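Engineer: The structure's right below; bear with me while I get my questions together.
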């Protein structure tokens, strides 16, 4: 690969990543996962799932409307511009009650679907007319009359001010997911049977229900008091503490990025530039996600486009970091100054599809995975495909690293490659291991586990790589001298030649810096012994060892007569 072409790799890769990000951030957007829900429900939809929300465990000493209130609240307004002949239903159910209710929604006969959906709920849900002794208050008849409470709210003190209905969620045992939905079914208070609200019998067009619903962990009436925690209030239990995580990573990257920019200005090389691009992409990702999370903490909605862009930047940051590891494993800037065109083509043919599969997983997770299910992205077939591809890339990385170490002869660089390979292997393997462990973790804790471990591992990997590429350190084992590498191709060819016999470079230098060759000339024969040093040995010996032809001529030791005006029998000659 030509030097001027190689120097443009980072620019091309970064431009390609930003283009993909722009396309995907505007190309799709699923229903927003928010604590504040607004919109309309048309009854011809029959069923609309609104939100899955994790409510925290209710403390035993918790008391409603006090500073110790740890109940969950669902409240809001649901109205319509037209009058409904019969009310439809808003259902707030726990997982055990919701699954069968949700599974029966697809019955072709809508009347039958309504009866099957509410068959078991009728036995446990409170109804003033049909089941007045039940304690489970899961249903509300909607829409509510404008300016008035919903028909099922008989005590105004229990309703959050400014709202038409309120559900108070109390679970003293464990945190739990609750599911909010609307369905075009109504209960006949005379027969207690459930029926489908067929709007065609009463309206020329399907009527719309407007809703404004908020789900929170904590008492919405106590927000002005000092104990109110905005970091938890709007967050589902499985997403709590994510804001603190993003704040920590933001501070870390805020320190790392300026340092790396300083380093890349001091040491201009494609490796450091590509790493800087990867680090900046991750920093931008954290900034976007942090902005979204802060806005979400404030209003319960956030900015979904910022979240999508942040996730895309994170994907490309990780994949570009993997590209750096593969390049170093191939020996670029370690044992060789250039990589052949065929090697670059092979690398791109494998790496670009891997990036595409990773993006496909993200799209699949946002659009195809049912939010009702308790699976994460790595429990879908695209997720398993990504893990399999990552494992394949890891094996390829080990193969390339083994090949590079096989033809390297500097003990210092071999030691570097050994430690580099071990730390990189940890980065490659952690995600499959964590994904397998997460299968056995409760969904209430799984998201925070995956987010914390993946971001921490990536941050640690960036810190280690920045330390390895730091200007005053990298010169010990990396060839980061710029883009003007005239005459170095032949050195790389000699360094990778299979006939080279390894000799520790330290034995070829005396204490005063001159080459010590007496150990190799103990015999009195007139044979010529040829020693081919590794690339870094030839570079370091440049001042005391003339290398003609751009470094293509090996070091030759002569035992015998002097050559080209060299020393006689008592001396040593170098040609």
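Yeah, the Cβs are placed from backbone N, Cα and C, and that goes for glycine too.
According to TrEMBL:
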| type | residues | note |
| --- | --- | --- |
| DOMAIN | 245-465 | domain 'GPR180/TMEM145 transmembrane' |
| REGION | 550-575 | region 'Disordered' |
| SIGNAL | 1-34 | signal peptide |
| TRANSMEM | 245-262 | transmembrane segment |
| TRANSMEM | 274-294 | transmembrane segment |
| TRANSMEM | 306-329 | transmembrane segment |
| TRANSMEM | 341-364 | transmembrane segment |
| TRANSMEM | 384-402 | transmembrane segment |
| TRANSMEM | 414-437 | transmembrane segment |
| TRANSMEM | 449-470 | transmembrane segment |
Engineer: Using a Cβ-Cβ cut-off of under 8 Å, list the residues of the same chain that are 6+ residues beyond the ends of the transmembrane segment (245-262) and lie near it.
Structural biologist: 275-276, 279-280, 282-283, 286-287, 289-290, 293, 448, 451-452, 455, 459, 462-463, 466
Engineer: Do any residues, 6 or more residues outside the transmembrane segment (306-329), come within under 8 Å Cβ-to-Cβ of it, and if so which ones?
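Structural biologist: Non-local partners: 13, 17, 20-21, 24-25, 29, 271, 274-275, 277-279, 281-282, 284-289, 291-292, 295, 339, 347, 351, 354-355, 358-359, 362, 366, 393, 396-398, 400-401, 404, 420-421, 424, 427-428, 458, 461-462, 465.
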Engineer: Which sequence-distant residues neighbour the transmembrane segment (341-364)? Criterion: at least 6 residues beyond either end, Cβ under 8 Å.
Structural biologist: 1, 20, 24, 28, 311-312, 315-316, 318-319, 322-323, 326-327, 330, 377, 380, 382-383, 385-386, 389-390, 393, 396
Engineer: Mind checking which residues of the chain, 6+ beyond the ends of the transmembrane segment (414-437), have their Cβ under 8 Å from one of its Cβ atoms?
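Structural biologist: Non-local partners: 325, 328-329, 334, 378, 383, 387, 390-391, 393-394, 397-398, 401, 404-405, 408, 449-450, 453-454, 457-458, 461, 464, 468, 476-477.
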